[in-house]
Amino acid sequence: MLLPWLILLPFIGGFLCWPSERLGTKVPRWIALIAMGLTLILSLYLWMASGFTYSAPKSLWLSSFSVDWIPSLGIKISLALDGLSLLMVVLTAFLGVLAILCSWTENQRSQGFFHLNLLWILGGVMGVFLAMDLFLFFFFWEMMLVPMYFLIALWGHKASDGKTRITAATKFFIYTQSSGLIMLIAIIALVFAHYQSTGVLTFGYTDLLNTEMPYGVQYAIMLGFFIAFAVKMPVVPLHGWLPDAHSQAPTAGSVDLAGILLKTAAYGMLRFCLPLFPETSQAFAPIAMWLGIVGIFYGAWMAFVQTDIKRLIAYTSVSHMGFVMIAIYSGNLLAYQGAVVQMIAHGLSAAGMFIICGQLYERLHTRDMRQMGGLWKRIRYLPALSLFFAVATLGMPGTGNFVGEFMILFGSYSVVPVITVIATFGLVFASIYSLIMMQRAYYGAPKSDTPLPA
């Protein structure tokens, strides 16, 4: 009975935030913080209660919950928690608390509606990680997108290249809703194929595993799922929404986007694409891994030429998720484990970088690195934190990104050595754009001698 509360707490908190603004501008902030704090405590309790160790669990799920929702269509409110979803749930709750804290002073208007949208995004993400019914999964998948649109459109910033937040929010909405439509068609096709094969109408994940269907039909349905997840991941050339969304989003929105929402796509590939369509996924694997290679180098190159610091970090996400794509389709257990480590490490490092960007914007009122320079002498603490997250981003030994990338490359080398060797050169580019970001923002001649708040 605890699993539904991981989803309900953010939604209830969001409901309470909106009208509570009448009691004071700080009330919604505290309600949101308490709601996500309780969610984090509950997720950690489930971690401790599961006794999660290196040994395999006795059952498939550490915890589960299921009640009928629409019995005539075989739709249930089915939630389940295993090792993968447990890690993602804890990451979501932790970054959710950080997102609320980092927006504490940044946003000063419509506090109630702002925190309603922020908490509903987090509640939708929790649902995505826990849903074991495909209709319920799709419901939460769409649920987390609409609040993000409002977060960007209403509280976003104007980018240094002049683009507006409305443009970025609309592009995000079109990309994600189009991919959601493709996923819905694929889900209905899979359910119909299962019904033709067994005579049972169901959206249950475990029921749909090993559904017998013609190879061509399986390949087409698998592509539908892959495209939907590839847009959110994002995979080049379906990444067009990401840089604009990041550069215009408020800090809390960027933390949620980079730290959590991108991981829902990788989770979807691990949870649905591979188990539901093993044969066609194996056939599609070379294409997917080469798309990962393209993403690694394209993201690194585009990060290198950016002047807006938030767009630079956005493109680093494209590059890092390319490694995750290679790991997912490598078919190697060590690479799978590396993908999960990389997802968590990137979520933390990217969130940290975007929080620092928000702090810089509060002090400088710009994200253009050409107007920065020499900040190491003008700000305390932030430069050192930026250096830490920069070396984490480039995969310095001792950081989580290094562990994840090492496991991915070591595991995938035994399967696809050529692709792995090529991907390794992407680490060189990661060091270049990370150190150039530090050089442009914090070193060189100061643009002003005025001290800035720490």
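Every residue, even glycine, has its Cβ placed from backbone N, Cα and C.
Unlike curated records, TrEMBL annotations are generated automatically.
Listed in TrEMBL for this protein:
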type     : residues : note
DOMAIN   : 131-428  : domain 'NADH:quinone oxidoreductase/Mrp antiporter transmembrane'
TRANSMEM : 27-48    : transmembrane segment
TRANSMEM : 85-105   : transmembrane segment
TRANSMEM : 112-132  : transmembrane segment
TRANSMEM : 172-195  : transmembrane segment
TRANSMEM : 215-236  : transmembrane segment
TRANSMEM : 283-305  : transmembrane segment
TRANSMEM : 312-331  : transmembrane segment
TRANSMEM : 343-361  : transmembrane segment
TRANSMEM : 381-400  : transmembrane segment
TRANSMEM : 406-430  : transmembrane segment
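Put simply, of 85-105, 312-331, 381-400, 406-430, the stretch with the most CB pairs closer than 8 A to the transmembrane segment (283-305) is 312-331. Counting C-beta pairs under 8 angstroms (sequence separation of 6 or more), the transmembrane segment (27-48) reaches the transmembrane segment (112-132) with 3 or more such pairs.
Counting Cβ pairs under 8 Å to the transmembrane segment (112-132), the top-ranked stretch among 85-105, 215-236, 343-361 is 85-105. Beyond the ends of the transmembrane segment (343-361), by six or more residues, the same chain brings 87-88, 91, 95, 98-99, 102, 106, 157, 246, 250-251, 254-255, 258-260, 263, 266-267, 309-310, 313, 316-317, 320-321, 324, 367, 372, 375, 382, 385-386, 388-390, 392-393, 399-401, 403-404, 441 to within a C-beta distance below 8 angstroms of the stretch.
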